Amino acid sequence: MSPESKKLFNIVILGVAFMFMFTAFQTCGNVAQTVIRSLNSTDFHGSGYTSMAIIYGVFSASNLITPSVVAIVGPQLSMFASGLFYSMYIAVFIQPFTWSFYTASVFIGIAAAESDRRTVFIALTVISLVGTVLFFLIRKPDSENILGEDESSDDQDMEMNESAQNNMTKAVDAFKKSLKLCVTKEMLLLSVTTAYTGLELTFFSGVYGTCIGAINRFGTEEKSLIGLSGIFIGIGEILGGSLFGLLSKNNRFGRNPVVLLGILVHFIAFYLIFLNMPGDAPIAPVEGTNSNAYIRSSKEVAILCSFLLGLGDSCFNTQLLSILGFLYSEDSAPAFAIFKFVQSICAAVAFFYSNYLLLHWQLLVMVVFGFFGTISFFTVEWDAAAIVARGSDYRSI
């Protein structure tokens with residue numbers, strides 16, 4: 001197999017493996033609070049919001065040490081171990097206990113009827129495990145420096161030791177660069193935007209589906225609408241990612257219009273959700289809520305808002321990744337580590353307060369952060385445009 005074919009093969013395997021893993025995990029996260037709420041009448045007592053807060057809290061902290069771990073054990077084994085933790089978390093739902101549920105939430109950060117519930121989560125666990133096993137199909141790239149026949153085994157051992165030391169040095173350097181980047185003007189401004197993406201990630205991936213499933217006015221279809229909501233969030237993400245990600249190279253207007261579109265789409269979605277959903281929907285009991293919204297709760301409006309949430313999220317993520325790649329093209333690893341750190345911290349905080357805040361307060365928090373996050377992004381983008389004016393190739397990202 002040629003080096004080019006091997007790279008393409010690895011990309012395909014990674015894509016399929018992550019598709020299996022995160023199809024299972026995102027589905028699990030989307031219904032976690034609804035499923036757990038139905039179990040709290042038994043010996044099990046837990047919260048899907050708290051579980052996801054633990055996951056993203058540990059995930060944010062682990063971003064600081066992940067480069068060192070990968071440097072020691074290698075990327076393939078690291079991804080396999082992470083996949084096992086994802087699968088373990090999903091498997092806990094088959095027969096949940098409070099201690100195992102929250103313990104699994106910690107480990108994963110480092111990486112209806114009773115029979116129906118077990119069947120669903122057994123299937124999701126198998127899907128996640130299939131994706132995990134696929135990591136072993138990744139082919140190692142050919143070594144650029146082929147050893148001569150006259151080289152001794154001592155020379156080979158020396159080169160291996162030097163390579164391990166270099167990996168550790170790179171990991172330490174990346175950690176130091178991350179700390180230095182945290183206090184730069186551009187990163188501080190982008191952190192406000194990143195914080196917003198963490199808050200809205202929490203809302204559309206965990207809270208909104210719970211709200212839909214809690215509205216008794218939707219009748220017997222309330223629980224099935226959670227899955228349909230997740231599908232339309234995904235459609236919005238795919239459409240936005242394809243449109244704004246692929247076309248950004250030829251966008252002579254820059255990134256600001258896409259971010260502006262994203263925040264407008266989200267504000268429309270938030271307003272419709274505010275009108276369409278009862279305020280106590282995120283924290284409703286297992287029986288659901290019969291409270292009235294400002295308008296008669298509509299299934300069609302709820303699904304439309306799911307699509308808008310996914311579309312707006314893709315606007316922000318494609319442009320954030322783009323501008324990070326442009327500003328830190330030579331030191332991208334520390335920059336993206338900070339991005340995931342801030343996003344995960346804010347997601348953890350949002351999942352925590354989702355246990356207590358009514359819907360309209362959660363929407364207000366996102367509106368405030370969305371407004372200032374957009375202004376912050378505009379400021380950094382204008383500075384990036386000034387860099388382009390001095391001769392850099394802005395559209396070659």
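Yeah, the Cβs are placed from backbone N, Cα and C, and that goes for glycine too.
As annotated by TrEMBL, transmembrane segment applies to 12-33, 53-74, 86-113, 119-138, 225-246, 258-277, 301-328, 359-380.
Sequence-remote contacts of a segment are chain residues at least 6 beyond its ends whose Cβ falls under 8 Å from one of its Cβ atoms, and for the transmembrane segment (301-328) they are 181, 186, 190, 193-194, 196-197, 200-201, 203-204, 208, 212, 218, 225, 228-230, 232-241, 244-245, 248, 255, 258-259, 261-263, 265-266, 268-269, 272-273, 276-277, 334-336, 339, 377, 380-381, 384, 394, 397. Among residues of the same chain six or more beyond the transmembrane segment (359-380), those with a C-beta under 8 A of the stretch's C-beta atoms are 186, 189-190, 192-197, 199-200, 203, 207, 211, 255-256, 259-260, 263, 266-267, 270, 273-274, 277-282, 319-320, 323, 327, 350, 353.
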